[in-house]
Amino acid sequence: MDVNIAPLRAWDDFFPGSDRFARPDFRDISKWNNRVVSNLLYYQTNYLVVAAMMISVVGFLSPFNMILGGIVVVLVFTGFVWAAHNKDILRRMKKQYPTAFVMVVMLASYFLISLFGGVMVFVFGITFPLLLMFIHASLRLRNLKNKLENKMEEIGLKRTPMGIVLDALEQQEETITKFSDYISKMKE
């Protein structure tokens with residue numbers, strides 16, 4: 001299936017009034033995770049634009065350290081995903097504690113970059129946009145269009161770059177399983 005770039009959402013939808021933001025329920029991790037995944041899929045192009053702007057500014061100020069940081073993060077992420085698909089312990093950790101998995105990737109990247117220097121470039125250039133994405137995705141309430149777009153992604157009617165990344169992190173498998181179970185129950 002072809003990979004489609006999600007459309008750029010209107011900025012007044014991306015940053016609406018405060019009535020469309022709410023603190024997540026920290027006691028219900030699965031609901032919070034669902035909100036984050038849904039918003040990451042729906043606003044992925046907006047997140048990419050914001051991250052590209054921030055990374056460009058930091059990269060302009062310190063290009064070598066920014067490139068080094070990007071290479072290290074990509075290599076560490078790829079290594080952890082490969083290891084998680086080949087080792088049961090990492091696979092379980094990635095599935096049960098996705099936030100911890102991402103934090104381990106970030107900490108490992110931080111450690112490797114600190115060996116080469118340029119730690120602050122890494123923190124502000126790469127990690128800060130990721131942190132902003134996570135905060136926005138956690139706080140932004142979903143709307144009906146968001147839910148519809150996510151269902152299309154979940155059942156495989158469309159593929160997006162963020163969907164591929166979330167699949168690598170095994171964040172969409174559970175939803176697809178739940179959806180197929182729901183359909184089979186409806187048939188009975």
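Cβ from N, Cα, C; glycine included.
Copied over from Swiss-Prot, here are the features:
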- Met1: N-acetylmethionine (MOD_RES)
- 136-188: region 'Targeting to endoplasmic reticulum membrane' (REGION)
- 1-35: topological domain 'Cytoplasmic' (TOPO_DOM)
- 78-93: topological domain 'Cytoplasmic' (TOPO_DOM)
- 136-188: topological domain 'Cytoplasmic' (TOPO_DOM)
- 36-56: transmembrane segment (TRANSMEM)
- 57-77: transmembrane segment (TRANSMEM)
- 94-114: transmembrane segment (TRANSMEM)
- 115-135: transmembrane segment (TRANSMEM)
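Within the same chain, residues 41-46, 49, 98, 137-143, 149, 156, 158-162, 164, 171, 175 sit at least 6 positions outside the topological domain 'Cytoplasmic' (1-35) and bring their C-beta atoms closer than 8 Å to a C-beta of that stretch. Summarised by DSSP class, the composition of the topological domain 'Cytoplasmic' (78-93) is 15 helix, 0 strand, 1 coil.
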